[in-house]
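Going by TrEMBL, these are the annotated features:
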TRANSMEM  31-54  transmembrane segment
DOMAIN    63-533  domain 'Major facilitator superfamily (MFS) profile'
TRANSMEM  66-90  transmembrane segment
TRANSMEM  143-168  transmembrane segment
TRANSMEM  210-242  transmembrane segment
TRANSMEM  263-284  transmembrane segment
TRANSMEM  290-307  transmembrane segment
TRANSMEM  314-334  transmembrane segment
TRANSMEM  354-379  transmembrane segment
TRANSMEM  399-420  transmembrane segment
TRANSMEM  432-454  transmembrane segment
TRANSMEM  466-487  transmembrane segment
TRANSMEM  507-529  transmembrane segment
Amino acid sequence: MNQMLMQQPATFLITTNLTQTFPYKFRTKHYLSVGFFRASMTISGIISGLNFYTQEKTMWNRLNKSMMFCQMMFGLSFYGVMVILTRFFLEDLGYSEADTMMVVGAFSSIGPLFAIAGGFIADKFLGSYRSLTISYATFSVGYLLLIFGASTTNVPMSLVGIALASYARGLMSPSYPSLYKRTFASQEDFENGYPVNYSVNNVGALLGQYLFPMFVLVIGFHGSFTLSAVMATFALVTLVVFQKPLVSVGAEIDQKPVSLPNWIAFFVLSAAMVGLVFFMFSNMDIGQNIVYAIGGAAILYFISLMFKSGKSDALKMGTILIMTVLTTCFFVYYGQMMTSMTMVTINTMRGDLFGFIPIAPEASMAMNPLWCILAGPVISYSFSKLEKRGITFSTATKIGFSFILTAIAFGILTLAVMHVGEDAIIRPETFLLIHFFQAFAEVIVGSLVVAFILSVAPKHIENFSVSLFSVAMALSGIIGAVFSTSIALEKGQKITQEIVQNVYGDYFQMLTVLAVVMVAIAFFSSFVIRKMLESARREESELVEADA
């Protein structure tokens, strides 16, 4: 079977039908059996692990385990939808490669941007429990609209569906950790339990991204969106069932009724946000400028606060700005996974992983959470060992290490496309290796930047400072999508060795060179940040001495 697949013609239409990618029925059945086996084994392992922790530690209870079930449902449904959107827009809705990459890039980035508004809604209007419950209800409605959009090939309905999902993600992101934290008896228990929750989310993302392309082969896009809607509904029902105990441990705002003016303000704000996202998806040329404007306004406001602050705080805030720029540049590379890399895998990746693990081309994204699950403990152990030996690195230096890993990842991708054979096929193992390096880089940046911001941000603007991380992710998602459109091919254009080597090769070579440049910039930034923090500490010491 693998030999038959490898001997296919050297050209593929970019509108390749799903049944052409997996042409044999028994192959689909094999994909199903392997996928379900892996899913059942992984879920069984999670349940067994939780049972072990329940026996050994009292920190686990029905509330935090029920919330982790909701997190699993989110990971499975949301990332499952994300991984099949590219093919859905290309094949069912008739979008071009360029327009598809812009929409998918925006879908992956707008949620984090709206997390800023989501935090405001949870803090001022509804509380964490109501915000979280409404977010899962919104996910369900959004996926329902995607079902109708897929069944009727209705573009506006599909865009409203992903707009609702984007809004729901923004509403959920700040609400979930706030409520989850309150289900533990102590801060120590929460800190010990949160990594387990993070792993649950990664496992959900892994299974969703691996299984959903296979589901599309069997039940189509509308059936896959139905599965996502069902899983989001399961999470919603779980939150409703546990309403009383969750509200009882919630913040004061959760336990008080919401006033009519607050409900009205919430619905008006929500309608405006969903309408804005729908407009952005419908008019991406204008939509990308809206994201730039929102991100730029947030950064300019932060700079204005710098000028109003004392010298010590201003210096610390300056380091946050530098870190935001580095983070934005890094996540431009991360965003390639949803845009240019997905398009390349759809057009070139063929065959089973290691010859026996079936994998759809777009499911290569599942390799990212797979390596992330491994990378977290390895990175934590490595840096801890170094610190015990007196070797410490600043956050900016560690970001420099991330760019080294990124340069290696994109260097491998560049070599792969530059030396592709006449059949224009790249093996899945190549992408597995690429995602290995990129996942380790992602874990370093994702786990350290927010911690750095919290360590230096003035207390009165701590939350807003952290929101700059979301701004960086949103800006990078759009910028990365714009970059990706440079490799977009025309409808019906055939994939040949020449196109892969020249179009894809030149693009990824440019990204590799820029990643090397970013290594130098990150290391230089580390030096600048260290000097700025030293100056801030001296200023604080002088103020303390003056007061004394």
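A Cβ is built for glycine as well, from the same backbone N, Cα and C atoms used for every other residue.
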Closest-packing stretch to the transmembrane segment (354-379), where packing means Cβ pairs under 8 Å, from 66-90, 143-168, 466-487, 507-529: 66-90
Criterion met for the transmembrane segment (432-454) and the transmembrane segment (314-334) (at least three Cβ pairs under 8 Å): yes
For the transmembrane segment (66-90), sequence-distant contacts whose Cβ falls under 8 Å of one of its Cβ atoms, 6 or more beyond its ends: 14-15, 18, 46, 50, 97, 99-101, 103-104, 107-108, 132, 136, 139, 143, 146, 150, 158, 162, 165, 169, 172, 176, 179-180, 183, 196-197, 200-205, 207-209, 211-213, 215-216, 221, 224-225, 227-229, 231-232, 234-235, 238-239, 241-242, 246, 338, 342-343, 346, 362-363, 365-366, 369
Surrounding residues of the transmembrane segment (399-420) on its own chain - C-beta under 8 Å, 6+ positions past either end: 323, 326-327, 330, 333, 341, 344, 348, 393, 426, 430, 433-438, 440-442, 444-445, 448-449, 497, 500-501, 504-505, 508-509, 511-512, 515-516, 518-519, 522-523, 525-526
Segment proximity, the transmembrane segment (314-334) to the transmembrane segment (143-168), 3 or more C-beta pairs under 8 Å: no
Same-chain residue ranges lying at least 6 outside the transmembrane segment (466-487) that approach it to Cβ under 8 Å: 97-98, 101-102, 104-106, 108-110, 112-113, 115-116, 119, 173, 288, 291-292, 294-295, 298-299, 302, 320, 324, 327-336, 338-340, 343-344, 449-450, 453-454, 457, 503-504, 507, 511
For the transmembrane segment (314-334): best-contacting stretch of 210-242, 263-284, 507-529, by Cβ pairs under 8 Å: 507-529
Integer average pLDDT (0 to 100) for the domain 'Major facilitator superfamily (MFS) profile' (63-533): 87
Remote residues contacting the transmembrane segment (507-529) - C-beta distance under 8 A, at least 6 residues beyond either end: 319, 322-323, 326, 329-330, 333, 336, 340, 394-397, 399-400, 402-404, 406-407, 410-411, 413-414, 417-418, 483, 486-487
Folded-back contacts onto the transmembrane segment (263-284), same chain, C-beta under 8 angstroms, at least six residues removed: 99, 102-103, 106-107, 110, 114, 117, 121, 125-126, 156, 159-160, 162-164, 166-167, 170, 290-291
